[in-house]
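Below is one structure, written out as C-alpha cells, with a few remarks after it.
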Amino acid sequence: MNPNRSLEDFLRNVINKFHRALTLRETLQVIVEEARIFLGVDRVKIYKFASDGSGEVLAEAVNRAALPSLLGLHFPVEDIPPQAREELGNQRKMIAVDVAHRRKKSHELSGRISPTEHSNGHYTTVDSCHIQYLLAMGVLSSLTVPVMQDQQLWGIMAVHHSKPRRFTEQEWETMALLSKEVSLAITQSQLSRQVHQQQVQEALVQRLETTVAQYGDRPETWQYALETVGQAVEADGAVLYIAPDLTGSVAQHYQWNLRFDWGNWLETSLWQELMRGQPSAAMEPMAAVQSTWEKPRPFTSVAPLPPTNCVPHGYTLGELEQRSDWIAPPESLSAENFQSFLIVPLAADQQWVGSLILLRKEKSLVKHWAGKRGIDRRNILPRLSFEAWEETQKLVPTWNRSERKLAQVASTQLYMAITQQFVTRLITQQTAYDPLTQLPNWIIFNRQLTLALLDALYEGKMVGVLVIAMDRFKRINESFGHKTGDGLLQEVADRLNQKLSPLAAYSPLLSRWHGDGFTILLTQISDNQEMIPLCERLLSTFQEPFFLQGQPIYLTASMGISTAPYDGETAESLLKFAEIALTRAKCQGKNTYQFYRPQDSAPMLDRLTLESDLRQALTNQEFVLYFQPQVALDTGKLLGVEALVRWQHPRLGQVAPDVFIPLAEELGLINHLGQWVLETACATHQHFFRETGRRLRMAVNISARQFQDEKWLNSVLECLKRTGMPPEDLELEITESLMMEDIKGTVVLLHRLREEGVQVAIDDFGTGYSSLSILKQLPIHRLKIDKSFVNDLLNEGADTAIIQYVIDLANGLNLETVAEGIESEAQLQRLQKMGCHLGQGYFLTRPLPAEAMMTYLYYPQILDFGPTPPLPKVALPETETEAGQGNVGDRPLPNSLNRENPWTEKLHDYVLLKERLQQRNVKEKLVLKIANKIRASLNINDILYSTVTEVRQFLNTDRVVLFKFNSQWSGQVVTESHNDFCRSIINDEIDDPCFKGHYLRLYREGRVRAVSDIEKADLADCHKELLRHYQVKANLVVPVVFNENLWGLLIAHECKTPRYWQEEDLQLLMELATQVAIAIHQGELYEQLETANIRLQQISSLDALTQVGNRYLFDSTLEREWQRLQRIREPLALLLCDVDFFKGFNDNYGHPAGDRCLKKIADAMAKVAKRPTDLVARYGGEEFAIILSETSLEGAINVTEALQVEVANLAIPHTVSGTGHVTLSIGIAVYTPERHINPNALVKAADLALYEAKAKGRNQWLAYEGSQLPHVDGEV
C-alpha cells in the first residue's frame, strides 16, 4: 500500500465519484486510477468478457514507465482457460500470483481466506504457462479479482506490478469491496440505460402523434414519420407500406435512405407474406419480442405492453436468399450492402393495414488484439508477445431487445394513425353507412373500436361499448307496419345523435347494429362511474313521445355496457359482453341500463347464496341509505327527503330493492331491516341538522310486517327519543293496500302517531281500493301519487284524470300531494298547472348518498328550477362571535335554483361522482407521495413501510404486506400494515409447495391476481388452506418485478368478509408496482453500497491481523483528542508498548505463532483500556500504542501495571526471553495539550521513555510527565 496515500483518502475519492453524473466507463476509470495510487502498483485494469468468451480492457490506470498500456485491447478466449474461469466465476475466488516464487494464493471474494488454502500455508503452485504469460507482460506480481453481475462472471479487475510484491489482508478485502462497487456501478448504469430507453420511446410516440395530428393524411406526413422512426431505431434505411383499404385506394409505399424503388418488389408474394407476419414454417426468424396485456381478472400483466400482433420479425439476407420464391433484389440493394431486415406488420385484432421494414447494412468492426495470431509463432502458448494488431470483422448487424420494442411501439402508433385515416375515408363512402339511418355500419364500428382499444392501451383510459335496443319494438312493426317502424328508427337515430353531440370529449361513435339495435363507442373514460350520467342522458332520449300517424307513442329502451380493458380486449368480446348486459337490463324490467359483470355469463343470482348473504348483510354493514329530495313544485324549495335503502353486496355490487326487499320479508328479516332504516334515517337527520342548521322532513317507508308488529309503535318512539329527532320531522309512509287490511287498527295506530307529532303519508295512492269515507277517518298529512300515473301523465288519458282527481281530493281534505317519478320538464310543468304541491324524481334529482346530500343541503341553489334571482354571496363567519349572531337557520343559504344556471348541468356530475373523484384524488396523492418518498429516501426499510402503510390506507383493507422471495422461491413477509382484527404475520416464512406449483409461474410472468372470495374462487385446496391459515377472505396480489426479475409480491388481504376488488384498486396497485420495484431496487442498491462503504471504512481504521486500531486511526485519534483536551485543559496519556525479544520469538516458533501472539496481546490491551474514549492501536510490527484521554500520570501507571499483569497471565512461552514468557516494555508520556505544542512531541517522549525502559532490562516501564518531558523537536 502506498504509504503516502491513506485508505481514508482513497475511500473518500471513490465514494464521491458515485455521486456524480458519470458514465460507466468514466466510473470504472476513476476506480482503477484511485486503486492504483492506493496500492502503489504499476497497473490496475478492468476487463469485460464478451459473449464469445473473449474480452476487452474497458478501463486502465498504468505507470507507462514500467508497463505498456493495454486499454482498448481485446484478448482471445484462450487467454483465460476454463479452469481459471471456474475459479473466478463459480468459486468466486480472488487470485494473487507471485511470479518470482511460481506460487499463488487465493481468497474468497468475501475477503476471507479459504479453509483449504489456510492449511496449506496459503500458497499453491501456478501453471508454468501462466507464469510465462505474466513474464511476457513484464508482470512479477498480479492480483485478479472477479466482477460478478446477476450471479454471472461479468469480467475481472486485474492488478499488475513489475516487481515482486505481497498483498496485505487489508488490500485483499479492499479489492473485494471494490469489486462490489464495480458491480453496483454496472447495475446503476443498466438502470440509467432503461430510463433513457423509456424516454426515447416516449419522445418517439409524441413526435409521431404530433406529426399525424398536425398534418393529417398526406405523403409528407408518412415520409417524415418514416424518417423519424428509422433514425430513432438507428436503421440505415426504411420502408413504410400502406395496404389498400375498403374504399378501393391503391397501396402506397414510402422509403427512406434507399436508392431504388421498392414498389414492385413489395407486391411479390414473398414480401406480402413477410409483411403480414406470416413467414414460412421453413424459415426461422430471430426471436420476436413477447408482449402481452391480459385483463386484470383473474391475472393481468403489471403494465400494458404493445399488442401481440405488431411483433417484429428479424431476418438476414442470407436467410431470405434460401427461400425458393426469393427474387434477387436490384443491384443497388446489393451495392448498398443491406444485410439485416426487421419487418413489423402494422396489424392488430387481425386487421392488417401495412408494414414497416427497417434495414441495416453490413458493418465493419475494427478490433485491436493483444498479440498477433496464427502467423506469429510467439503466440503459441505460452504467449511471448502482446504487440497490438488490428483486425477488421464483417458483421451482420442484429436487432436487440430494446430496438425491437421501440420498433414495435412505433409500428403500433403508425397502425393507429393509418387506421384512423382509413376510418375517415370509409366514413365518406356509402358502403360504410347504414342505408336506413345513414349511420356508420358495423365495418366502421369494428375498425374504430379496434383503433380505440389500441389508443386506450397507451393512454391508460377505458373504452366503453354500449348496445341499445328498443323495448317491445316488435309490437310497433306488427301494429303500424315495417315502413312506419323504419321511420321510427330514423327518428330514434336522430335523437341519439343529438344527445351525443355535446359529448365530443368522449369521441362518441353511433352506429346501426341490426334490427332495432344501435351501438355507441365512447373513449377517454376514466371508470364506470363516469359513464352513468352518459347512459342516463341517452335513455332520456325516450322521455318525449314519438308521433306515428299523428298519435303520440312512448318508447323505452334498454342498454348494456361493457368496458375495456376490464371486460374484454377485443371488439368481438366487448360486443358480446355488452349484449349479455343488455339481456340483463331487459330482465330487470327494461327502460334501464346495466354494466357487464363476469357473473352475467352464468345464471344471474344464486338464490341460496343470496339468502345466506342477506342474513349477514346487516351484521357486515352492507346496507346504506340514499336520500331523494322532495321539492315544492311552486317555489322549488327543498322541504323533505325520502330515505331509500340500498344493498351494496361485496361481490355483486348494488342489488336492486325489488330483489332483496321481498326476500327479506320472506325470510322474516324485514323487521330488523326496517328498524335499521328507521334508526339510521333519524340519526342522519340529526347529523344533517348539526352540520347545516337545516331541518327537513325525513320520510321512511314502513313494511306490512312492521306495521302489524305490536311493539313497532314503541320502537318508533324510542328511536326518536334515542336520536333526539323532533317527531314532527319524521314522516312514515304506508301503502294504500296495507292500510285497508285492518282499517280499525290502522285508524287507532295512526291517531297515536299523530298525537306524538309524527306525520303520515299514504304511498302509491290510487293503486288500491280505499274509499272516500275511510280516507276521511285517517289522521294523515299527505297522499303520494304513484309513479305509474305520472309516467302517462302527458297522454291526457285516464291517468291524467286520476292525478287531477287525487289532487282535488287532497285539497278538499286539506292534505298535501306528492308526485313520484317526475322525469321530464313537461311532466313537471303539467303537475304545476294541476296544483300538485310536492314532487320527487330523477328530473329534480336522483337519490343521493349521505355525503352528496350534505353538499345539496349546503348548496341547494344548484338544483332549483324556479325563478332566477341574483345568487347571494354566502360569507361564512370567521369567528365564533360572528357565528353566534343570529340563528343558523336564518343564514342566507339560497334555496332556489334555475335550470338555466350554468352550474345546473355540473351538479349532477358533482354529487354522483364526488366519491369517485375523492378516491381519484387520494389515489393521485398516494402515487405522488410514494414517488416523492422514493426520491427523498434511499432507505429500503422506509420505502417498504411507506408502501404497505399508504396502500392499506387507500384500499381501506385489513392487511397489506410485502413478501420477498429467496433463491429457492420460498420467502418471507418483510413488512406489513394491518388492523387490530388481523394478526401480525411479519417475518413469517412461507415455503408452500402448492403455491410454487400453481401460481409462482404466473407471478413470475408479472400477472396480477384478484380474488374476491377465496371459498368460491377456483383455487387449489392447498392454497385455500394457506389463505385460511392467515385469516384471508379475499386478496389482491401484485408482483413486484424489476428488470424481468421477480423480487416479491405486494399483497392486500381482506380478513373479515369477502370483497369485490374495484377496477381502481387494481389500477392503483398496477401503477404502483413499477414504482415500488424501482424504489426497492434503488434502496437495495444503496444499502449494498453503504454496506461496502462501511466495511471499507472499517478496514481503513482497523489492523487486519489484530482487529485493533491501525496507524491511521491512531494518528487521527491523537490529533482529535489533543485538540479537544486543549480546550478543556485535561491531561492526555500515551503508552507505547513493545513485545520484548519478538524477533527471537518468530525465529523460534514461526510467523504463524507470532501472529497469534500479537492477537492475544491486543486482546489483553483491549481489556485494560476499555473506556469509550480509550484507543488501542497497532503502531507497527510488534509495537502497540494506547491513548488514554483525561488520564493523569497515576492513572496511566495503573493501566500499565494492569496490562503487565494481563500479559503475564497469558503465560505465552518464550524461551529466548529471560523470563521464560512473553513480556512488554512500556514507555509512558503524560501532558496537558497546549496550542504551541505539536502532539508529535508526546509520541516522541513516549518513544524515548520506551527506549529507556528497554535499556533497563525489558519488562519495565518508564514515564515522563509535563515539565519532565525531555526536550524534543515537537514544538510548533
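Here the Cβ of each residue, glycine as well, is placed from N, Cα and C on the backbone.
For the recorded site, C129 (tetrapyrrole 1 binding site), the DSSP three-state label reads helix. Per Swiss-Prot, the feature tetrapyrrole 1 binding site maps to C129.
Summarising the annotation, Swiss-Prot assigns tetrapyrrole 2 binding site to C1022. Under the three-state DSSP scheme, C1022 (tetrapyrrole 2 binding site) falls in the helix class. Taking the Cβ of C1022 (tetrapyrrole 2 binding site) as centre and 10 Å as the limit, one finds 13 other Cβ atoms among all the protein chains shown.
If you look up Swiss-Prot, you'll see 461-598 marked as domain 'GGDEF 1', on the strength of sequence analysis.
Residues or ranges marked as domain 'EAL' by Swiss-Prot on the basis of sequence analysis: 607-861. Across the domain 'EAL' (607-861), the prediction's mean pLDDT works out to 85.
Sequence annotations record features per position, and here Swiss-Prot assigns region 'Bilin lyase domain 2' to 939-1075.
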- Item | Summary of DSSP states over the domain 'GGDEF 1' (461-598), given as helix, strand and coil counts | 63 helix, 39 strand, 36 coil
- Task: Could you state the whole-number distance in Å separating the C-alpha atoms of C129 (tetrapyrrole 1 binding site) and C1022 (tetrapyrrole 2 binding site)?
- Result: 59
- Task: Tell me the Cβ neighbour count for C129 (tetrapyrrole 1 binding site), meaning other Cβ atoms within 10 Å of its Cβ, over all protein chains shown.
- Result: 12
